[in-house]
Amino acid sequence: MFTGSIVALITPMDDNGDVDRASLKSLIDYHVASGTAAIVSVGTTGESATLNHDEHVDVVMQTLELADGRIPVIAGTGANSTSEAISLTQRFNDTGVVGCLTVTPYYNRPMQEGLYQHFKAIAESTDLPQILYNVPSRTGCDMLPPTIARLAKIKNIVAVKEATGNLSRVSQIQVLVDDEDFILLSGDDASGLDFMQLGGKGVISVTANIAAREMVELCALAAQGNFAEGRRLNQRLMPLHQHLFVEANPIPVKWAAKRLGLMANDTMRLPMTPLTDPAKRIVEDALKSAGLL
């Protein structure tokens, strides 16, 4: 469940900025039909930053209910306060989520020892499997391979989502981690195939929101070692990988999902604003290049 194409699911909202349950069900059904390995609910792409604590929990619980056991659900539980991250994580004990994705603390920029103690405390507060999430471009905080290796020794820390785009990190982590069951996942669609060729086991993907079957196929080709065919597919998807970040994620991917009829609205809460017209043209061209339009 922690390998293959895992979607970093967008959170559909109605015109008032409330969760659009009908569109959420539509998205989940789409991923079930497409063979997506798992859903990450309320991560960065799910707009965790603009949902309050209770709303965050509610979206994950609605996702669990609508998934109804058809696809595993991973809860995003990151916070830049250790106590808040523990509280959020513990809300999902015995709910049916299969694990938690926890981002490094953002803005306060802890030292490596602080990162170790932060994730250790969270892991020790629950039996739920934990996926570390390193995305320094968002957080201003880079969790280095030696720290990841220390954390990998903790029983229920089972994986890391590496979103630096730095492919050398794969081998650096592999050399330092002596547990062959510890899973490396790419958090960067554009370098995801190369990441898997170096030993990664999948991608937690933004692109999968709108190209679910294609990302499932890409990860399957990588798992089979068929990188020649994988590169042909990835070349077609590359404009999407790149241009879904033409403006801040998840602005472009929400517009694309609406454009493809996967959900009713591309509403976001401030300070996130709608996709601009020039960016719409760029994303539209990427959708056409990928064969989605």
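If you go along the chain as it appears here, the first residue is 1 and each next one adds 1.
Every residue, even glycine, has its Cβ placed from backbone N, Cα and C.
According to Swiss-Prot, the feature active site, proton donor/acceptor maps to Tyr133, an assignment based on sequence analysis. Swiss-Prot lists Lys161 with the feature active site, schiff-base intermediate with substrate. Positions annotated as pyruvate binding site by Swiss-Prot: Thr45, Ile204. For Thr44, Tyr107, the entry in Swiss-Prot reads site 'Part of a proton relay during catalysis', with the evidence type sequence analysis.
Features as recorded by Swiss-Prot, highlighted on the structure.
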residue	record	DSSP class
Thr44	site 'Part of a proton relay during catalysis'	coil
Tyr107	site 'Part of a proton relay during catalysis'	coil
Tyr133	active site, proton donor/acceptor	strand
Lys161	active site, schiff-base intermediate with substrate	strand
Ile204	pyruvate binding site	strand
Least Cβ-crowded entry, counting other Cβ within 10 Å, from the recorded positions listed as Tyr107, Tyr133: Tyr107
Nearest of the recorded positions (Thr44, Tyr107, Tyr133, Ile204) to Lys161 (active site, schiff-base intermediate with substrate), judged by Cα-Cα distance: Tyr133
Pairwise CA distance, Thr44 (site 'Part of a proton relay during catalysis') versus Tyr133 (active site, proton donor/acceptor), rounded so that it is a whole Å: 10
Cα separation, Thr45 (pyruvate binding site) to Tyr107 (site 'Part of a proton relay during catalysis') (Å, whole number): 18
Distance [Cα-Cα, Å, rounded] between Ile204 (pyruvate binding site) and the residue listed as 'active site, proton donor/acceptor': 10
Cβ neighbour count (within 10 Å, all chains shown) around Thr44 (site 'Part of a proton relay during catalysis'): 24
Tyr133 (active site, proton donor/acceptor) to Thr45 (pyruvate binding site) - Cα separation in whole Å: 13
List of residues, in chain order, with Cβ under 8 A from that of Thr45 (pyruvate binding site) and at least 6 apart: Ala8, Leu9, Ile10, Val206, Asn209, Asn249, Pro250, Val253
